[in-house]
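S.K.: One structure coming up, written as structure tokens, with questions to follow.
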Amino acid sequence: MSIQVLALLVCAGLMHSSWNLLSKEGKDRQVFIWLAICSASLLCFLPFLLLYRAVSPHAWPLIALSAALEATYYLLLGAAYRYGDLSLVYPLARGSAPLFVTVIALLALGERLSLIGGLGILLIVGGIYVIHLRTFAWRELTAPLRRLREPAALLALLCGLSIAGYSTVDKVGLRYVAPLTYIYLIFVISALYLLPYMLLARRAAVQAEWQAHAPRIILAGALALLSYLLVLFALRQTQVSYIASARELSVVFAALMGTAILHESFGRQKLVGSLLIFAGILCIALQP
């Protein structure tokens, strides 16, 4: 992995953790994220028109599929958090995604992993899992795995599968579309997919969220779009299995921001998890 790609992922990770930090202030995270996507789509409409490049007919099905998978991810994540807490949902959703991506990329895209690259992915997955544990007690260490049959755990794994799905589709879609055009269309179409649900089932929550957090929503939307745009530029240059894993650096940034800004504790679990993630990214960075 080149230093340029690594730099893109570091910047993307900082932006991703920043907009997630902003979304924590929302009353309803699912609604907050949808409004952020809508605001980013509106803010970037003129730049999109000015920088628009023709979209290949081959790209439209991929764009529609990626947007559908992103919309599905937001719905599943919201449902998972209604059934379970962060310590169960987040490590399963984010930790399973790199594994799902790797399997799909190997089978569908013909990607190949080196021994060091595969080790890096496993270290990152392990780090994500550890960083959200409450303690290193054996019962706590295996709690998410023992609860795999619960609705929240199943929904979290489906979230991971959705992330893997749209990441892999994006890798193929970028063969036909420039990243800026691609990301804008993804945002617009995923927002439109969710529009009926938000207006019919969540109208009051949408109004309340916008009135309470409009400036944060707008800033979060801009950061979310820029973050994923940088990931798309990186995705054009490197295997999706490595990118999907390395972008989880945002988990470490989120833990550091939570400690510095929200005064959350940074215990042994977060320290060990962060070190595992850094070690995994170092392994991936050593790949050509």
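Backbone N, Cα and C atoms are what each Cβ position is placed from, and that goes for glycine too.
All annotation found in TrEMBL is predicted automatically rather than curated by experts.
According to TrEMBL:
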- 7-131: domain 'EamA' (DOMAIN)
- 152-285: domain 'EamA' (DOMAIN)
- 33-52: transmembrane segment (TRANSMEM)
- 59-81: transmembrane segment (TRANSMEM)
- 101-131: transmembrane segment (TRANSMEM)
- 152-169: transmembrane segment (TRANSMEM)
- 181-201: transmembrane segment (TRANSMEM)
- 213-235: transmembrane segment (TRANSMEM)
S.K.: Restricting attention to the domain 'EamA' (152-285), give the mean pLDDT.
M.R.: 88
S.K.: Which residues of the same chain, at least 6 past either end of the transmembrane segment (181-201), have a Cβ under 8 Å from a Cβ in it?
M.R.: 31, 34, 37-38, 40-41, 44, 48, 51-53, 55, 59, 63-64, 66-68, 70-71, 74-75, 170, 173-174, 225, 228-229, 232
S.K.: Per DSSP, what is the residue count of the domain 'EamA' (7-131) in each of helix, strand and coil?
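M.R.: Residue counts in helix, strand and coil order: 105 helix, 0 strand, 20 coil.
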S.K.: Name the range, of those listed as 33-52, 101-131, 152-169, 213-235, that has the largest tally of Cβ pairs under 8 Å with the transmembrane segment (59-81).
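M.R.: The stretch with the most close Cβ contacts to the transmembrane segment (59-81) is 152-169.
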S.K.: Using DSSP, how many residues of the domain 'EamA' (152-285) fall into helix, strand and coil, respectively?
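M.R.: Counting residues per DSSP class in the domain 'EamA' (152-285), I get 115 helix, 0 strand, 19 coil.
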